[in-house]
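Peer 1: Sharing a structure here in structure tokens format.
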Amino acid sequence: MPKMQGHTFRTTLRTEQSRPELRQQHHQRRRHQVFHTNSTLGDSSALGKDSVAIGGAAMASTANSVALGSNSLANSTTLGQAGFAPGSATLSATTAFGEVSVGAAGKERRITNVAAGYAGTDAVNVSQLMAEDAKVNNVSNNVGNLSNIVNNIAGGANLKYFAVNSSLAAASATGMDSVAAGPAAVATASNAVALGAKSVADRDNTVSVGSAGAQRQIVNVAAGQQSNDAVNVSQLTGVTAALGAGATVGANGSIVAPAYNVLGKTYTDVGSALAGLTSTDGFLNSLSYIKFGPTKAAAAQAGGSDTVAIGGNAFANGTGSLAIGTGARALAQNSVAIGYGSATSVANTFAVGSATSTRRIVNVADGTADTDAVTLGQMTTDIQAAIAKLNLSSSQTQPALLKSASYSSQLSGSPSLLGATSSLPPDQLIMSGVTDKAGQINAQGVDAMAIGLNSQAMSDNAVAIGGSVRVGSAAAVGIGQNIAVQGENAVVIGSMVSSAGDNAIAIGNNGTEADTDNSIAIGNNVSVGGVNSMGIGKDIVATGSNSVTLGNASADGGRVNVLSIGSSKLQRQIINVAAGTQNTDAVNVSQLAGVASALGGGASVNPTTGAVVAPAYTLAGNTYVNVAAALTSLDTRIASSGDPLAVDYDTATKDQITLKGATGTKITGLTAGALSASSTDAINGSQLFAQGTSMAKALGGGASVNTATGEITAPAYTFGGGTYTNVADALTALNNAAGSGNALGVV
């Protein structure tokens, strides 16, 4: 085909009757009146055997091939190779006889208006691919016979929670019902699971997260609850804490063994330590010579340094003290109490009984040193000598009188014999039983005990020790000065302390009182008036039931079931509080800060005062400092205008809107407006682009749409030696050429 310049037009040539010499050419060209071209390119070339090239500079150099369109190239060198075969399906026409090219590298073209392929070698169109794509994207469909390895799966909408980044070999699961997940993961045993890169599961019914020499930690494990649940380190820490003796969980997760010191030997496990106790020279073996009878008493307690307590409810509290026997009490330094109920509260003393239950010490040898105990025989001799010096009657010298209070009172006039430190004789300072001496001491209850000036134990098993101590209820204890105890089983210790409730405890001074059942008052001027309540501190008032009040000048305000660490005028911080996890746990400031952060709007917690800084929500020019007010505002706008985010109009007639962007405002997401004579819809960019593209195509001559400005680039019509950039000029030029008898504009 010859080269032709100018705008595209049909090559129909009209042969004029006046020019017979052109008639033959006219008939030849009528055969090509349905073939058109507009090109300034070189000629096409078909170099391959039985090849075809159509279009400017089109080239078909491969045999049996077609190059269709300007600059198209049909020059493939791989036609003899089999085409791409996805999967293992059988393909039709795997090698090519030739090729049809509609473009070239970098100048590809679409083939449009292609009908859906039917036969195995037909071309398919996009609709057919979209149908297959929909099937692939539908996870409810089955993908069968996926025998090949799938590598590098991209994370799409359905795979975004699964990701793999590895160049290792594929996972392998050869065990029956086994699973291997991860690069190079291997599961060779039955019902085994291998998780993670290079993990190996080679034992039946196991889950492996690593391999020999390449183990992994499993983190964020919740505490196991069932017998076959996994446990975490915190649970293991609880076990080591129970083992004691320095047992811990090391930084590398290993167990640091305990160190039990048993009879001078160190054992690093419980079994060995118990074996050491039960050995022939062990402690338990030596216990075979110590027996305990049945008892319901509480366990023995040794509270002081270097103390020993043996027996039910035996109590050794003084440093270096010893208490042996049920209920024995050794409360002072270096004191010793031996026997049932024996008690001593004076340092460096030895007790074989109590004020209400005395015992004889029999078979005592005569003392020889100044600090030895003396026997009755030695004492009788000394007393007889003393009586002789006092010239007392012989009727008063019977040994039996040595046990009576009346005889003792007769010796009160001899300070050298008694060594008294009080203006009253000893039998009036210490009273046990029902006998009263000068009204100073009174112990009336069964097994009651009163010790001290004006002390009174007025009920069974009551104990009154000190000055002006009155205990009026059964099994109650009062120790100190100016004590009043009125509740059963109550304990009152201190100075100017009282109790009026059963099972109450009052310890302190200066008016401390526990006046209700099961109440506890400890401190200076502590008043507890609520049932089952506790007050510890100074100047405390606790009147609410089941309350706990702690600290100086604290009060519960009469409220029940509360913990108070201050008062209405004196508050305290509770520090080092762990984050609460249960509904009834206390929360700390970090949790409150999280709530404030969730509120947004600048809400925060003041680090100095702890107060919550309110948020500030700005809506339609107004500021609201709480969520409720902001929501109410939005609700009001919705109710009044139907849309809280609607654009505000410039006028009441709603005929003008001003967009207030400083450099203009872009409206995005605008759907295509209706195109009709009556439409008042806004049109979007895609509609304008489509219109501009259509106009550019209609204009031809290289006209196009500038996507940045929306302008249509002017066409360029070239013919008759001239170039015209608009339709009017081109038509004028054609008209002029036709008028001059040069309809083709040939120059």
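Each Cβ is built from the backbone N, Cα and C atoms, and glycine gets one as well.
A TrEMBL annotation is a machine prediction, not a hand-curated record.
Below are the features I grabbed from TrEMBL:
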- 1-43: region 'Disordered' (REGION)
- 25-34: compositional bias 'Basic residues' (COMPBIAS)
- 46-72: domain 'Trimeric autotransporter adhesin YadA-like head' (DOMAIN)
- 110-147: domain 'Trimeric autotransporter adhesin YadA-like stalk' (DOMAIN)
- 173-199: domain 'Trimeric autotransporter adhesin YadA-like head' (DOMAIN)
- 217-254: domain 'Trimeric autotransporter adhesin YadA-like stalk' (DOMAIN)
- 302-328: domain 'Trimeric autotransporter adhesin YadA-like head' (DOMAIN)
- 331-354: domain 'Trimeric autotransporter adhesin YadA-like head' (DOMAIN)
- 360-399: domain 'Trimeric autotransporter adhesin YadA-like stalk' (DOMAIN)
- 443-467: domain 'Trimeric autotransporter adhesin YadA-like head' (DOMAIN)
- 487-510: domain 'Trimeric autotransporter adhesin YadA-like head' (DOMAIN)
- 511-525: domain 'Trimeric autotransporter adhesin YadA-like head' (DOMAIN)
- 573-603: domain 'Trimeric autotransporter adhesin YadA-like stalk' (DOMAIN)
- 666-708: domain 'Trimeric autotransporter adhesin YadA-like stalk' (DOMAIN)
Peer 1: Give residue numbers and ranges for long-range contacts of the domain 'Trimeric autotransporter adhesin YadA-like head' (511-525): same chain, 6 or more residues beyond its ends, CB-CB under 8 A.
Peer 2: 487, 490, 492, 494, 496-505, 531-540, 542
Peer 1: Go through the chain and flag residues at least 6 beyond the ends of the domain 'Trimeric autotransporter adhesin YadA-like stalk' (573-603) whose CB is under 8 A from any CB in it; none is fine as an answer.
Peer 2: 565, 610, 612-617, 627
Peer 1: Below 8 angstroms Cβ to Cβ, which residues of this chain, lying six or more residues outside the domain 'Trimeric autotransporter adhesin YadA-like head' (173-199), approach it?
Peer 2: 164, 166-167, 205-211, 214, 216
Peer 1: Which numbers of helix, strand and coil residues does DSSP report for the domain 'Trimeric autotransporter adhesin YadA-like head' (331-354)?
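Peer 2: Counts, helix then strand then coil: 0 helix, 7 strand, 17 coil.
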